[in-house]
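Trainee: Shown below is the structure under consideration.
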Amino acid sequence: MIALVRRPAPSRLWTVLTPPLAVLATMVAGGLMFAALGKDPVLAIRTIFWDPLFGEFAFYYRGQLLVKAAPLILIAIGLSLGFRAGIWNIGAEGQYILGAITGGAVGLAFYPLDSWIVFPLMVVAGAFGGFLWAMIPALLKVKFRTNEILVSLLLVYVAEQLLAYMALGPLKNPEGQGFPGSRNLSQYDAAANNELIAGSGMHWGVVAAFIAVIAAYVLLNRHLTGYHIRLTGQAPRAARFAGVNPNLLTIFCLGTSGALAGLAGLFEVAGPAGQISIDFNVGYGFTAIIVAFLGRLHPVGILLAGLLMALTYIGGEAAQSQLGLPAAAIQAFQGMLLFFLLAVDMLTNYRLRFGRAQVA
Amino acid sequence: MKLIKTMAAAAALLAATQAGAQDDPVKVGFIYVGPIGDGGWTYEHDQARQAVEEHFGDQVETVYRESVPEGADAERAITQMALGGADLIFTTSFGFMDATINVAEKFPDVKFEHATGYKTAENVATYNARFYQGRAVLGHIAGSMTESNKVGYIGSFPIPEVIRGINSAFLHARKVNPDVEFNVVWAYTWFDPAKEADAAQALIEQGADVILQHTDSTAPLAAAEQAGDVIGFGQASDMAEYKPSPRVASIIDNWSPYYIDRVQAVIDGTWESHSVWQGIGDGTVEIGEITDAVPEDVRQEAADLRDRIGSGEYHPFTGPINKQDGSAWLAEGEVADDETLLGMDFYVEGMTGDIPN
């Protein structure tokens with residue numbers, strides 16, 4: 001018999017080991033699924049994990065990897081701060097949308113002014129939009145002790161309706177022949193978040209993501225606020241005695257994650273997406289939650305997790321068009337990754353004991 | 001430096017593959033907005049893809065990507081196909097417009113065909129179908145069949161394409177039934193069975209006994225079936241599994257002739273950019289079998305209407321027609337021009353409710 005025994009403290013070794021193990025298990029189980037679908041499993045896994053990085057067209061895919069990973073990392077970094085302190089912002093998708101709307105609206109308001117000031121203003125407005133949207137659950141929690149999980153999540157749906165309204169109404173392209181969607185910001189030079197080096201995928205959002213990783217690392221390891229965040233997560237009572245103001249911490253964590261999600265939205269709408277449209281958001285805010293946990297809420301872990309997640313997207317797309325794999329199989333494959341991560345995660349907190357079962 | 005080298009190498013490689021293209025089979029790519037099993041819009045595009053394969057055999061190779069989100073991801077999906085050596089790429093949703101134009105700029109030797117859009121380039125053609133012609137026929141049946149005089153309409157997005165269909169169906173429902181009212185619900189999706197079912201349910205609860213849909217799944221028909229005395233229509237595809245009722249007729253998109261035509265043009269080297277809008281007369285829009293659930297005389301009238309539209313004898317937008325606010329649009333006998341139809345952003349007189357704006 002195998003028994004589970006709780007570890008006195010989470011195993012450091014397994015904390016590091018479980019993500020690669022989960023990836024490996026996913027490759028095996030996914031390979032079996034692809035084989036069952038009648039595709040060559042080795043080729044499929046190679047197309048997903050290897051070709052985008054080192055294949056024939058890697059020069060294109062590597063850049064796309066950054067484009068896809070940047071918003072995930074940027075949002076996940078913000079979320080991880082709150083998650084560490086037990087403050088659950090589930091509504092990053094809504095803050096992402098709001099950042100795109102406010103930042104994009106500032107850019108559109110200046111059209112067609114050609115000035116260097118336009119883009120920085122959009123960046124500020126984007127971050128501010130996300131910040132404000134996150135302040136709703138933050139203030140409600142502080143004032144009325146509402147549950148920030150529910151409030152932030154439900155505000156995503158409000159944000160989506162607002163987005164549809166903006167794309168159909170106030171921000172609609174006046175030269176768009178009545179079709180919904182704003183002007184294309186990526187074609188308006190002063191507002192465009194284009195690639196800094198052509199073909200590299202590097203845009204300002206990627207730069208911001210890297211900065212966020214470094215800043216979060218410094219904050220958590222070298223700064224008092226970071227210490228407070230970690231302390232609150234590990235021992236809330238002790239934190240109170242240590243003089244942590246839980247209300248301020250709630251506002252800080254939700255505000256920061258909102259602002260970062262807003263930034264991600266702005267960089268996306270001014271660059272890769274180009275315009276505010278009804279279905280501008282594709283779930284980065286939700287996927288970022290997965291990225292945050294996959295990365296163990298650690299800045300460097302999140303960086304790697306974001307890139308891995310992006311790889312499964314990009315590689316998964318390639319597998320669809322090159323091998324004719326159905327889209328659902330790719331989604332199942334991504335689902336497996338999370339499933340295995342959670343399953344293997346058990347080993348961090350429990351150890352296996354082989355032998356006689358104990359009577360409870 | 002290394003990046004520039006790899007880019008140069010890739011460019012050389014691309015040039016090489018394109019130079020050798022004549023001997024190889026023509027590679028045709030398809031970008032779909034929904035899953036190929038949606039039973040509606042994407043299903044029909046994929047049927048046409050299969051028709052292309054069947055028609056040309058070894059001369060062509062087709063590839064496709066399903067469920068591609070409209071937005072940032074679409075551009076990568078199209079680029080991927082172009083990099084993969086596609087000679088001709090069909091992007092089959094309105095929302096792929098900007099992405100198609102952007103990718104086309106980077107791949108001047110690849111031909112692109114964008115469905116339902118309005119932006120063309122030297123290597124980007126657009127094609128669309130006059131669905132409003134078919135919707136006139138469905139509207140006629142809906143107006144004749146409703147007993148509650150309430151027709152529910154599930155709209156996808158308030159874009160000219162959809163508004164045109166609503167107006168066309170409404171005008172022809174009113175012609176046979178002056179008391180009929182249309183109730184429009186916007187689903188803001190092309191394909192989402194759950195949302196579509198909810199919308200159908202809400203319309204039925206408000207008293208609608210006929211449901212028209214401009215979304216792609218069979219969920220509204222399933223809702224109609226469950227409700228009992230409610231009928232609906234197949235959208236984009238025949239949706240024959242709901243015959244003879246609730247599905248009493250259907251509007252079918254048949255893209256095969258157009259796709260075969262355009263692939264042939266690429267093989268012959270005669271492909272040129274254009275912007276076409278085909279209808280019942282070209283075989284692109286078809287009306288599926290009208291079932292026995294519809295009385296004989298209504299079936300006959302509907303078939304007549306279809307034939308008169310197909311032959312060009314009758315235009316579904318023939319005056320006198322006023323706009324919703326009562327202002328004049330088309331005078332007696334005047335026929336709507338394509339430009340107005342393509343940008344249609346208003347309801348006709350008698351429609352209730354506002355277009356979200």
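Just so you know, glycine gets a Cβ as well, placed from its N, Cα and C.
What TrEMBL says about a protein is an automatic prediction, not a curated fact.
For A:12-37, A:57-83, A:95-111, A:117-140, A:149-168, A:202-220, A:241-264, A:284-311, A:323-344, the entry in TrEMBL reads transmembrane segment.
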Trainee: Honestly, do the transmembrane segment (A:284-311) and the transmembrane segment (A:12-37) touch, with at least three Cβ pairs under 8 Å and pairs 6 or more apart in sequence?
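Mentor: Touching, yes - the transmembrane segment (A:284-311) and the transmembrane segment (A:12-37) meet the threshold of 3 or more Cβ pairs under 8 Å.
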Trainee: How about the transmembrane segment (A:149-168) and the transmembrane segment (A:95-111): do they have 3 or more C-beta pairs under 8 A, pairs 6 or more apart in sequence?
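Mentor: They do touch: at least three Cβ pairs between the two stretches lie under 8 Å.
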Trainee: Within the same chain, where does the transmembrane segment (A:12-37) have neighbours whose Cβ lies under 8 angstroms from its own Cβ atoms, ignoring anything closer than 6 residues to its ends? I mean 6 or more beyond.
Mentor: 44-45, 49, 294, 296, 301, 305, 308, 325-326, 329, 332-333, 336-337, 340-341, 343-345, 347-348
Trainee: Go through the chain and flag residues at least 6 beyond the ends of the transmembrane segment (A:241-264) whose CB is under 8 A from any CB in it; none is fine as an answer.
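Mentor: Same-chain residues near the transmembrane segment (A:241-264) but 6 or more away: 70-71, 74-75, 77-79, 81-82, 85, 87, 89, 92-93, 95-96, 98-100, 102-103, 123, 126-135, 137-139, 141-142, 148, 152, 205, 208, 212, 225, 228-229, 231-232, 284-285, 288.
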Trainee: Please report, as numbers and ranges, the same-chain residues at least 6 past the borders of the transmembrane segment (A:57-83) whose CB is under 8 Å from any CB of it.
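Mentor: For the transmembrane segment (A:57-83), the nonlocal Cβ contacts are 51, 89, 92, 96, 195, 199-203, 205-206, 208-209, 212-213, 216, 219-220, 229, 233, 252-254, 256-261, 263-265, 267-268, 271-272, 284-285, 287-289, 291-293, 295, 297-299, 302-303, 305-307, 309-311, 313-314, 318.
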